[in-house]
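Some features that TrEMBL has for this protein:
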- 41-290: domain 'G-protein coupled receptors family 1 profile' (DOMAIN)
- 25-48: transmembrane segment (TRANSMEM)
- 60-82: transmembrane segment (TRANSMEM)
- 102-120: transmembrane segment (TRANSMEM)
- 140-164: transmembrane segment (TRANSMEM)
- 200-226: transmembrane segment (TRANSMEM)
- 238-260: transmembrane segment (TRANSMEM)
- 272-292: transmembrane segment (TRANSMEM)
Amino acid sequence: MSWGNHSLWMEFVFLAYPSQSEPRILSFLGVSLVYTWVITGNVLIMVAIQTEARLHTPMYYFLGSLSGVEIGYTAVVVPHLLANILRSEKTITLLGCATQMGFFIGLGSADCFLLASMAYDRHAAICHPLQYPLIMPRMLCARLVAASVVLGLCLSFQLVAFVFSLPFCPARGIQHFYCDVPPVMCLVCAQSHRHEQSVLVAATLAVAVPFLLIAASYASIVAAVFRAHSASGRHWAFSTCSSHLAVVLLQYGCCAFMYLRPSSSYHPEQDQFVSLVYTLGTPLLNPFVYTLRNSEMKEAIAKVLARSCLPRES
């Protein structure tokens, strides 16, 4: 990566944080509460899947991996966000900004690829139930998870290398809570159609391509469901896929709004709200969506909580 004349310790300043003490305290308490629920809910899912033998299936393996990735990409942003709420100087170095953006975009992209893998798993389970164990062996699941993370990080680091090789204007104020592509691109002095196209290509690979794979999987699922003769079979298929589809629509809707558009349509206040939805809202809702509509997960989490609350015998 060529940093040109940039100093690694050059600092950016975040401008989106409230300046008055009362909104700062309320923001800190609100974000802390949501972040606590995010960590707690996703850790419970991972522990329940790990400890319950009947959940050792591809669907739950992907769900546990999704929870792990979401813990990771919120951890890249939220602790720094909480610290900035309390600090008077809300700055970050060029190297710190690039690192934060790289891991945030990379793990967010891995999230999108994992959702596509989960859609493929549901497609195999519903459209080819007899061959399902052969189609989705455990080794393939592990490879899909590893490929999702590696591909997401590779795309992200290439995008970050491109963004931070561009010349920045003297103004160092980022109209955002953390380093994300659209607000940082607003600081680039050499704006051109080619630069926007490069960012759009990376976003298309990370967002649009997995979404098209999910859409194709669900088209096959819907066709298979309508061919099913039993009402119970149709109900099982829809109940199995509805939670995943709800998460997909929320995640991809926010990501498409943020990244699949020209930088000229960037609106700081509106985009700050949307970014908080997919940074905190989606990881918060995922545990509820996947557990409240899934009796197996509810029972497994109840067992985990019961074991942790029961006094241990000495």
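Positions of Cβ are set from backbone N, Cα and C atoms, glycine also.
Because TrEMBL annotations are produced automatically, they should be read as predictions rather than curated entries.
Long-range contacts of the transmembrane segment (200-226) within the same chain: residues 105, 108-109, 112-113, 115-116, 119-120, 122-123, 126-127, 152, 155-156, 158-159, 162, 181, 233-234, 237-238, 241, 245, 248, 252, 255-256, 259-260, 262, each at least 6 residues beyond the stretch ends and with a Cβ under 8 Å from a Cβ of the stretch.
Averaged across the domain 'G-protein coupled receptors family 1 profile' (41-290), the predicted model reaches a pLDDT of 85. Here the transmembrane segment (238-260) sits against the transmembrane segment (102-120); at least 3 CB pairs are under 8 Å, leaving out pairs fewer than 6 apart in sequence. In summary, the transmembrane segment (25-48) lies against the transmembrane segment (272-292): three or more C-beta pairs, each 6 or more positions apart in sequence, are under 8 Å. Same-chain residues lying 6 or more positions outside the transmembrane segment (102-120) and placing a CB less than 8 Å from one of its CB atoms are 59, 62-63, 65-66, 69-70, 72-73, 76-77, 141, 144-145, 147-149, 151-157, 159-160, 178-181, 206-207, 210-211, 213-214, 217-218, 244, 247-248, 251-252, 255, 278.
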